[in-house]
């Protein structure tokens, strides 16, 4: 009984944090309007305390990702405008994959092991598919923006995919997104005027954001054509889970 109570402390704490985030409307501080209003203040703080600023930014990003809270893309834009492309890309890539891995491990600890033992027959096909090419399933899910990150983290936590495979698959799958948004963030300072908004850097950055899903889809189709069997076969986790409902 005591172990059962301890088991639920973690998820209850997460629910409390998410509830506080929503109740106090903290998302308002992760908006472009807020950035434009306080950008000079943030920029001066980052200039005076560069290491501390990066650490604060890292843990903010890690918290949002681990708890699957909204505002991650906006936070990348903020980082690009304050720190530049390379520092933002490095920090967000590390924090992003670490936060996702924590959420993945939480899902496995709370639900994955129990469900695997409770319904072994239902997960047999899932485990077989993951063993064969789990990295490709994960990469597909990460690159296609139609799948929310929270769903991917929770879903993969229910499978037998290795932590190292999840880590590197997430790192590779999220890298293009982080690169595009970090670059777009460096152009935000030019949005103070109409001519600035029409500059080549701004236009190209936001064109990349708009075209990214289509480019990924074309690339995955070509990659899938080289596979000996369909990517989303009967053993794919998404296919199996959808079939259960």
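Any Cβ shown, glycine's included, is placed from N, Cα and C.
Automatic, uncurated: that is what TrEMBL annotation is.
Per TrEMBL, the listed range annotated as transmembrane segment is 194-216 (candidates: 171-193, 194-216). Your range for transmembrane segment, going by TrEMBL and the list 82-105, 106-129, is 82-105.
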